[in-house]
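Colleague: Got a structure here, written out as structure tokens. Questions coming.
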Amino acid sequence: MRTAPATTAPTTAPAALAVRDVTVRFAGLTALDAVSFTVEPGSVHAVIGPNGAGKSTCFNVLSGVYRATSGTVHLGDTELTGRAPHRIAALGVARTFQNLALPPHATVAESMLLGRHRLTRSGFVSTGLWLPSAAREARRHLQRVREIAEFIGLEKELDHPAGALPYGKQKLVELGRALCMEPQVLLLDEPVAGMTADERRRVAAVVAGVRDSLGISIVLVEHDMGVVMRLADAVTVLDFGRRIAGGTPAEVQNDPAVVRAYLGAQE
Amino acid sequence: MSDTVETATAAPGTPPEKTPAPAGALERLRRPRTYLWLVGSVLLLAFPFYLDRFWLQAGLFAMAAAIGAIGINLLTGATGQLSMGHAFFLAVGAYSYCVLAGESSTENGHALTGLGLPTWLAAILAVLLAGVAGGVFSPIAGRLRGAYLGIATLALIFIGQHVLFNAGSLTGGFNGRPVPPLSVFGFTFDDTEVLVAAVPFQSSEKLWYVALLALLLSGLFARGVLRGRPGRALNAIRDHRIAAGVMGVPVARYRAGVFVLSSMYAGLAGVLLALVFQRTVPEYFGMILSLEYLAMIVIGGLGSVAGAVVGAAFVSLMPQVLTHYSDSLPLVSAPGTGGLAPGEASRYLYGAAVVAVVLFLPGGLTRLKKPGEKK
Ligand SMILES: Nc1ncnc2c1ncn2[C@@H]1O[C@H](COP(=O)(O)OP(=O)(O)O)[C@@H](O)[C@H]1O
Ligand SMILES: [Mg+2]
């Protein structure tokens, strides 16, 4: 379980992820309304809230997919807002998607290799000419992909088409692909939704393991309160795009505003 | 060091990292595919000694088309970027070769400009020029996605046709211009007869090996790209553009890059077609040609080299087969005799083939055997 991380101590000092007054509007709808929170380096920070609260929108801003209408996001001293997704990825921010975003035909190994994109260099010329350097690079990184697959319990599925796996396993592949980016910050959008109890335990153990051994900061959107309470060091609660509470899991759990939001949203 | 040795000995067809245990020579001897390749290679090498000129021309055509199809399969099949402008880049390749290699001359009262460069150099430069033309268009190709790029590239066809018909001193206008035969190390690929093993070799026979080599190298290059890091990035852009960006793939840069690469493949195909035709005419490089290339990759299989080659063979050999057997086929008759001309008939046929493939074989002909498997 703890073997995978060894080779990848982050090269830069861990940095805090600071979200300041971020507002996102879609044609009249305010999906995020002046939301602020800070993810301490090496912590697990849960973002919770009813459906439609703006959690995924928040991730989309953090990863550069959406542009914030106003407000800023900083990773350490570097501003993330306004950068293209691939530039944010280059700074070591990785994410998974709430709805799967895996290639339909590629194998698990190939899907995870895509996560190595930012860490590899081979281009059109070196791969087209079958240069040994490209083959060497591919082999080295495939080795790392195997380690990570083992770490998350996917080693047997490496040569299977990712799209043909059960839903829970596909979510694991997404997590693996994000880990393959050797990130500083990992954004997980409902990582255990649709998983079996066994897979849930696995993901929880991976998340805790990644934080403890690598010092990666993790932002976690999750509905499973058991998982949140067990893993999170801090919690931010969103409702209708507003931050209505924040603090330690225990503080948040007893916050009347949170109880109200959740009871009101019970279906 | 052992890395290098391993790569050198591993056959290109068997990516070492995908097979759990690297296939040994014995293992390979047991596979039927090895023998298919062997027989295929021997046949392809022997054809010029046995086939008549008609079939050699048809084969040359198919090989040149295969190179062009590999190019558009990189762009449309692997990256999901539609292009209607492939014919434009074929034209750039063909005409650049003529202008660079040809001598200045006068034909039918037209003054033709030519730089008279060595023909092998002209061929290389023509491919590069097609790449440059792709590069000029690449800021647009990088920004537009999928069908939108398809619409924008229509402009290239219109511009291309206008220029080809009107820039008379470069293109020869409506009548086109003659294509100087290729010449490498003093050996000229023209119609002067050379006896090889008692078989007279003219341009078709000689060009056969040029085309075969060009196709082999283009195929290997594309396969290397597709199964390596750029290929994964391109497929990611096709399958899930947003995820590709989030994974660190600079989407616009890759779209632009693959557009340039695909243009260069078209350029090379254009040079070869010109050499086979021995004359370039503007009419040929129209919208229909672009559509034919799209038909090739849909029929053969999107996103793979094999798909492009199979599709190109299907689409470009069909008219020849129909022409040859027009006597014995119902409905089809020799051109100009009132029935369905072979060219037309083949167009109906591969029109039907496209529809059939889209409906029943979404992976194309190359996925026929093993539907579960990936490219
Ligand atoms: N691209 C978009 N265009 C328009 N509205 C959007 C878009 N993305 C999200 N929204 C809206 O923003 C709100 C928050 O959505 P989301 O962030 O997905 O919520 P959550 O992940 O917390 O369930 C919802 O009302 C949703 O409909
Ligand atoms: Mg969501």
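Quick reminder: no glycine exception, Cβ is built from N, Cα and C everywhere.
As listed in TrEMBL for this protein:
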- B:1-23: region 'Disordered' (REGION)
- B:34-51: transmembrane segment (TRANSMEM)
- B:57-75: transmembrane segment (TRANSMEM)
- B:87-105: transmembrane segment (TRANSMEM)
- B:117-140: transmembrane segment (TRANSMEM)
- B:147-165: transmembrane segment (TRANSMEM)
- B:207-226: transmembrane segment (TRANSMEM)
- B:262-281: transmembrane segment (TRANSMEM)
- B:293-318: transmembrane segment (TRANSMEM)
- B:348-368: transmembrane segment (TRANSMEM)
Colleague: For the transmembrane segment (B:262-281) and the transmembrane segment (B:293-318), check the count of CB pairs under 8 Å (sequence separation 6 or more) and say whether it reaches 3 or more.
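Modeller: Contact between the transmembrane segment (B:262-281) and the transmembrane segment (B:293-318): absent.
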Colleague: What stretch, picked from B:34-51, B:87-105, B:117-140, B:207-226, B:293-318, has the most CB pairs under 8 A with the transmembrane segment (B:147-165)?
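Modeller: When the Cβ pairs under 8 Å are tallied, B:87-105 comes out ahead.
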Colleague: In terms of Cβ proximity under 8 Å, which residues at least six beyond the ends of the transmembrane segment (B:293-318) contact it?
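Modeller: Sequence-remote neighbours of the transmembrane segment (B:293-318) are 58-59, 61-62, 65-66, 68-70, 72-73, 76-78, 82, 84, 86-87, 215, 219, 222-223, 226, 235, 238, 346, 349-351, 353-354, 357-358, 363-367, 375.
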Colleague: Does the structure show the transmembrane segment (B:34-51) and the transmembrane segment (B:348-368) touching, where I'm treating 3 or more Cβ pairs under 8 angstroms (sequence separation 6 or more) as a contact?
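Modeller: The transmembrane segment (B:348-368) and the transmembrane segment (B:34-51): touching, no.
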Colleague: Is it true that the transmembrane segment (B:207-226) and the transmembrane segment (B:57-75) have 3 or more Cβ pairs under 8 Å, skipping pairs fewer than 6 apart in sequence?
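Modeller: With 3 or more qualifying Cβ pairs, these stretches touch.
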